[in-house]
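According to TrEMBL, the protein carries these features:
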- 150-167: compositional bias 'Low complexity' (COMPBIAS)
- 663-686: compositional bias 'Acidic residues' (COMPBIAS)
- 1377-1400: compositional bias 'Basic and acidic residues' (COMPBIAS)
- 1407-1417: compositional bias 'Basic and acidic residues' (COMPBIAS)
- 1-98: domain 'C2' (DOMAIN)
- 237-358: domain 'C2' (DOMAIN)
- 401-532: domain 'C2' (DOMAIN)
- 949-1074: domain 'C2' (DOMAIN)
- 1145-1271: domain 'C2' (DOMAIN)
- 1492-1610: domain 'C2' (DOMAIN)
- 1733-1882: domain 'C2' (DOMAIN)
- 150-171: region 'Disordered' (REGION)
- 649-695: region 'Disordered' (REGION)
- 1309-1332: region 'Disordered' (REGION)
- 1376-1417: region 'Disordered' (REGION)
Amino acid sequence: MALVVCLKTVTELRGKGDRIAKVSFRGLSFYSRVLENCEDEARFEEAFRWPVASKVDGNEMLEIHIYNYSKVFTNRLIGTFRMVLQKVVEEGHLEVSDTLIDDNNTAIQTSISIEIWYQPMDGSVRGWSDGEFLDVPDDRDGMFQFETESLLSSHSHSSGTPPGRSSHGIPTFRKAGKGVFSAMKIGKVRSHKKGDDPAILETEDLDRKAMRLGGGLDPDTISLASVTAVTTNVSNKRSKPDIKMEPSAGRPVDYQISVTVIEARQLVGLNMDPVVCVEIGEEKKYTSMKESTNCPYYNEYFVFDFHVPPDVMFDKILKLSVIHSKNLLRSGTLVGNFKLDVGTVYSQSEHQFYHKWAMLSDPDDITAGCKGYVKCDIAVVGKGDNIKTPHKASETDEDDIEGNLLLPEGIPSERQWARFYVRIYRAEGLPKMNTSIMANVKKAFIGENRDLVDPYVQVQFAGQKGKTSVQKSSYEPIWNEQVIFTEMFPPLCKRMKVQIRDSDKVNDVAIGTHFIDLRKISNDGDKGFLPTLGPAWVNMYGSTRNYTLMDEHQDLNEGLGEGVSFRARLLISVAVEILDTTSSEIMSSTEVQVEPVSNISESATGKVEEFFLFGSFLEATMIDRKIGDKPINFEVTIGNYGNQIDGVSKPVAGRKKKKDGVGESDEEESELIQNSSDEEAEDDGDLVSVSTSPPMKPVITDRNYFHLPYFEKKPCIYIKSWWQDQRRRLYNSNVMDKIADKLEEGLNDVQEIIKTEKAFPERRLRGVLEELSTGCSRFVTLANKDQNLAGRTKLDQERLKSCMREMESMGQQAKTIRSQVKRNTVRDKLKLALNFLQRLRFLADEPQHSIPDVFVWMMSNNKRIAYARIPSKDILYSIVDEERGKDCGKVKAVFLRLPGKKGFGPAGWTVQAKLEMYLWLGLNKQRKDFLSGLPSGFEENKAVKGTGLQVVPPISLVYNMKQVFQLRAHMYQARSLFAADSSGLSDPFARVFFSTHSQVTEVLSETLCPTWDQLLVFDNVELYGEATELRDDPPIIVIEIYDQDTVGKAEFIGRTFAKPLSKMVDEHYGPPRFPPQLEYYQIYRGNCPAGELLAAFELLQIPYDDEEIRRALIAVHDFAVPQIKIGPAGRTELPPIDGPTDVDRGPILPVPLGIRPVLSRYRIEVLFWGLRDLKRINLAQVDRPRVDIECAGKGIQSALIQNYKKNPNFSTLVKWFEVDLPENELLHPPLNIRVVDCRAFGRYTLVGSHAVTSLRKFIYTSPDKRANNWAHTGDIVVNIDSEPNIKKMETVVKLDATSDAVVKIDVNEDEKEKEKKKKKKKKGEEVEEEEPDESMLDWWSKYFASIETMMETLRAQEAAWAEAEEREDMEIAAENAEIKGDDSHVKGTKPKEKTKSKSSKDKKKNHGSDGTEKKVPKPRVDELMVYNKELESEFDHFEDWLHTFNLYRGKAVDDDDHNMVDDDRIVGRFKGSLCMYKLPLSDEITREAGFDPNMGMFQSIPHNDPINVLVRVYVVRATDLHPADINGKADPYIVIKLGKSEIKDKENYISKQLNPVFGKSFDIEATFPMESMLTVSVYDWDLVGTDDLIGETKIDLENRYYSKHRATCGIASNYSLHGYNVWRDPQKPTQLLAKLCKEGKLDGPHYSPGGKVKVSNRIFLGPTEIEDENGLKKPTEEHLALTVLKHWEEIPRVGCKLVPEHVETRPLLNLDKPGIEQGRIEMWVDMFPMDGPAPGPAIDISPRKPKKYELRVIIWNTDEVILEDDDYFTGEKSSDIFVRGWLKGQQEDKQDTDVHYHSLTGEGNFNWRFVFPFDYLMAEEKIVISKKESLFSWDETEYKIPARLTLQVWDADHFSADDFLGAIELDLNRFPRGAKTAKQCSIDMVLNEQELPTISIFKQKRVKGWWPFVARDENDELELTGKVEAELHLLTAEEAEKNPVGLGRKEPDPLEKPNRPTTSLSWLLSPTRAACIMAWRQYKLACVVLLLIVTGLIFLGLLIFSIPSALSQKIVNFIG
């Protein structure tokens, strides 16, 4: 476990002096505190502890060095004690007294007395008893110090806060530990308990001293406010408070989910009509239906908008379903679906899945396997998220489905079905769910008081719900049921929702909700485990337990927001079983099932133990006065224990049994509340809990707050409760949390060192990583202890194993990374360390609960007002320090807040009460030490007097010891405060609270950056406890900033905490601890930062020596500023008590010298350019504005703009003022810019203001350094392309300042073609033989080629990053496996590897990847730059010399309020710049040629007179527009606004498109500066009503126009006189170059023969000929000039990157949906001054019109078609074959051949021609179809779909539907070449399509061959169903017109009739005969019988018919 050394005394010391001890073991050293003025005995009485990861060897040594301590010089060694630890290892405990030895190993008189404890891991040595362990005087756990370079200082006791700093070798005058960072910041645990910091300066250790100095010798250097800006414990008696007040969960946020359904493939089923349904939560959207296809193409875009809390959003299920033949009347049949939760998408990088295939499965038949794939994009965007989508135009078909499945990384592609069993056993402690009136009614009728709740449990998972049965009237229901879900494993839904609900006839209500995160109960690693949980109790929290009909906090019970009370606990378990889908016994449906399960024993969840919770209220202050002055008390509850209003527990019965229900009688309740019991003296087990403090009337603190008069008497509470003993879970969690806290704090330090640009961040990071690896090994040691505890679940065992593995590997990785941390890799390694932090936090979160959280409620008038929730693990006691909760046995500042939604917004920011509270929770049998952490000096006041009552806890503590202090709060300044007034400013003042005292600073009006410079003195502050503890652990100070309003209450701005530096009576006021140093503290408003406070705080024990303090302050000040005298007559005293006076509080004292910063004289020059876009103020327009600049009390005013409308620019450009500013740049006050409107009669109105918080970027740096850098550049390599290929230069010259460097650039055509990147070759694609003619190329050719290049560059970058990561991982793995080379070897090899890989890559790039590309290079197309973002972000917002400052007015809104954003507060913009520098300025600058003193540092800037400009806006296309119509589409058109000019392109709207191609240019004439803000909007056209804005983007043209980057017209990559790449700029490259050289005062350009141009000291080479339109070559210098322009950034001094010819992509935003992109627009802007040469006509970028083609498909023959019918002649199988064909997207134009009847062999002869005319876009490889969506559509919609030909073979039936036999789909751009014969044609042509060579009909034009027909059999596998011989012939429309053909076999150019067998036409020739034969064969006997009957009937009929005539004839004959 550990080695503990207690250093007791050192005696027989010589002389008198300050003593210090250093104790070392295994290279880890501790320093004791300094004992001042010791004579012959030094009584240290200090313990030091080393956690031991490996067993201590008996030969190891312990060393103790005793020094005479010196504040100035090196410490002098008195003597050393060394001891071999053999005896300690054997016995475990040893007391030793011995003499010291000196440097010569000679014994001296001085002797030392120590005591040592040792506890090994295996317990082989006698164990310590609790008593022994705890009697160690001062167990300083975790406060060891590595004596390595890992920490900033060898003597700092915090985790790396450097002790004092010294300046120029003079002793340090700063408090040790506060150099770079405030050692007092929250979370920075400094480790010693008593005495001063041993600020030891070892002068010989220069390296460490440099570290301590933090890289700067400035004594005022401090950090910026860190994330956690509160001071923290010096010792361990106090824990840190949480500064963020407002609960963040549960607040609704805007989300937008966009889903693009691109296509589906391999759908199972025959001849389907598929529709895709996208369902998110309750919302459903459908694609259009595609007919007769198994691979439909949709490319449809859907957007879902939500305004819900994040937890609700991420739990929503996104379901993609494919439905067959859905229409208005039929719901259709489900083919398959795919489910995932939104959280899975959001957790992906960029919050999206892009071009991924979702695998469909059938929920009704889990044995069926894959039902097809849907290709889609899914993106989830929250406010402020920026999604980077790959460029739309570059889409290629991803044929690799398996490699691009829609699954998060790490999930296997083959997912299996699994059963998820959620077992629900029983619940306890449910609240009442009916009112007491209803209860009384029931009692009257039924005669018994039954439990008033009917609970059942509902489980939700993956979009399905399961419910248990309802248990009527039960507070302790028992279900013993399991809910079974069947879902794919691993599931893509992360959380299960388990909810106890109350069954009710009207509506069911949630009682409590618990979420089970499957990631936390499983592990997907090699040694991982399936999700498993419990059986374990889960605690549910929610609203308060008292029932009301309308529960205002019902949302809390649904799991939204932080629960404010314990609701119930539920015993559950989770298990997962992977299903074998081949088994015949399994149920194939995924319906949720509910089954009974057997009960589990009581002991299964662990042994029930008695726990004891003790709390003491040391202080209750800052109680909100709104509560009223009724008596206030506090209640503490754990579970239902202690809850006296609405849930009490029976104390005796509950000891063995769990807590009982609520239904106890009033008598029992009243007995519980009593504090006394007769049995207490005999048996402490029956002592009664006291859970509330006595009510007390509050006392007024100030106008906002009360406090309770807990002076010397502090009330206590104690509660006994019974829980399963699962402390081990919480212990492990605590250990990991502590490691994570330490890591987080260390990483914050590293980030601050980097942020403040201090030296040696790498050393601090090494220290942090070393601490991490030690912490990890310590965890493994602790966790290794044998855990044979009852109730350990499978998850406990598996989690422990996986945590140990994780921690071990993390420790190893941290060690490895530590060795790799170098100065240049700090940022990368910091990212890795931040990953460790995330992993630690994830591991530390224990999924199985045990003890419920503790709630502290403030009650007034028996009503619950405000609460605090304290996790039980934070106050849980353990003997082992690391396992103990971070707040256990410590005083914690607890801030109470309002419950539920009341706590949102302003109500959540105000503190309801601040408690100083002590809490301790542990087993009752461990409780003897529960008071040990309290501040000392108290007596216990117990309820019962008498003997033997040591075990009874006190009901109050009485402090008989109090100290009196004076607190000095040095409030210097604040900055970046929240704007609380409608003017956009605030009138801030600060209120400082300390204990029960409060004071305020003066109010400074109208500023966001107040400099109060005020000392607040709190006299006679009484604090209770021992002086030494108060010195190290004073209470925290709360500082609240308010905005003073003339009417009404002051408004809260923000809050921060600080800890004072304490000086006791016996201490000297002087360095290193005093005077205190100013520090920044982060101010928070709720959870949002609201500014920073610069202040210092000191606490002086009374009496103190005023004169001593004054002298110390003067000494520090004079030391820091030896020459400068500050103030009138150089006064160096504390300021006298005069000056301004506050009526209530007497004089206002300034912050004294020595604490205030040291000032220097600076000059600030201001460039006043102009004002823009000023809005109306109070309905009046701004007419005569002026700008006031103020900094540190000094300032300057601009010239007045006489008429803002006519010219908003200033007449005087540059002004300056001088000001005294702190030497330390970090302390510079903000600079305030205010714009006022000067109105008639001398009135001034504030228009808006802006605070420049950091002046660092405006500090002038001499350009000489940069020139020197240029002089030593070394070898220059200049790229001519935009690609990152490295080109070999023929001439490379070493550069120095004077030499003429030559840069050779190869530009002959062949080379250039080789150097260009090749377009990625499609698999098997045949290369185009002929190069396209120049005249065939247009702007779009250039655009698409550029996009291809951009995509390849991105891919190359990604590959390079992946390779680098892989290499790093391999290095780490190699080091972990100890295959380590020495450092020099590693250092030597790494760069070589990199260069090797780079060069090989470049070779590949330059020479193509395979032979074909080498032979046929890609046709060379000149390219432009396609930026996937705004141009501004690429060129630093074009603020190279002209900056834009937004002016704000109006009250700021909080981040969480989405109704209004800061943009609404912008009332205009100030354009100008600042430049500041220390005086005096060197003469060199002012002596430069052409220096204009009026312009100061702003030399050579253009004049700001109005200028007329032609603005040409090109809009290429928009992508992913937000749908604006009900049909999920939009009809977009462009609107351009510039000043008063507006162009609406309404008549050219594009119907029903979300990705419209506009291809338009617009010309607008504008006058800068009046019209300089260009707005490009996309509107949705509506037939009726107003058009809706989809989104807009704004571009500041002025900054672009004046920028040195020259953003007026992009520089093209090549200079051409004609063609698609014609030079656009009216100025030629030579003119541009000459102008730039003139403006930059450069020598040149000088052109010389041989293609050379010289600019400054650079020579460029290039071609000198150009081709004109007639092909004639002429000499020119333009190419040379263009070469220089493209490499202008290489030019010394004035060089910068010039904007190239480009297309930029800008997000479209809409004010109604702030922060969420509504689409993107691709565009660019050209600007041409009207006084210059006129530009040529605009480039034609109109969308390419699709080319008309005609595809002729001749179906010659079929073969081996499967036979469907039986032949009635012979009984053989036959088919009546016909072939159907269509082009994808044109199913309605499908064409059929005639029928080949009665084919007996599957052979069919057709000679039938299909003719398909279509429009085709060659660049996009898409067919363009325009058609009306429906009968009601106003106009046609354009669709772009891939060019695919579908051929199907059918069996014709006369009396029933035709039978589908098979199909083939050919992608006309890449399909397999047809087989020459039917025999060679096989199914492999479909199955192995990707491996076969492919052809394109657009290149081949004509192709003939055999292709297979395929269909899926009943096993869902592809089978061959026939073969077709077809001929494809592609013609352009013109060619088709010249050579017309007929359909089928018609004229013109008819095909001859096929040669079919005669039998095949039998149907047509003799249908009757055929019918007779068919009937005869089937019904032979019936036919004979029928024939006989018919004959008989005819005979009978004839007989009857003929009898009358025959008879009459006979009669006549007879008569006659």
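Note that Cβ sites are derived from N, Cα and C of the backbone, with glycine treated the same way.
For the domain 'C2' (1-98), residue counts in helix, strand and coil come to 6 helix, 61 strand, 31 coil, using DSSP. The stretches the domain 'C2' (949-1074) and the domain 'C2' (1733-1882) are not in mutual contact, being linked by fewer than three Cβ pairs under 8 Å (pairs 6 or more apart in sequence).
By the Cβ criterion (under 8 Å, sequence separation of 6 or more), the domain 'C2' (401-532) is not in contact with the domain 'C2' (1733-1882), since fewer than 3 such pairs are found. Counting residue by residue with DSSP, the domain 'C2' (1492-1610) contains 12 helix, 53 strand, 54 coil.
Note: the domain 'C2' (237-358) comprises 14 helix, 62 strand, 46 coil (DSSP; helix = H, G, I, strand = E, B). Helix first, then strand, then coil: DSSP counts for the domain 'C2' (1145-1271) stand at 17 helix, 60 strand, 50 coil.
Over the domain 'C2' (1733-1882) the predicted model carries a mean pLDDT of 86.
Each residue in the domain 'C2' (401-532) gets a DSSP state, and the totals come to 18 helix, 56 strand, 58 coil.
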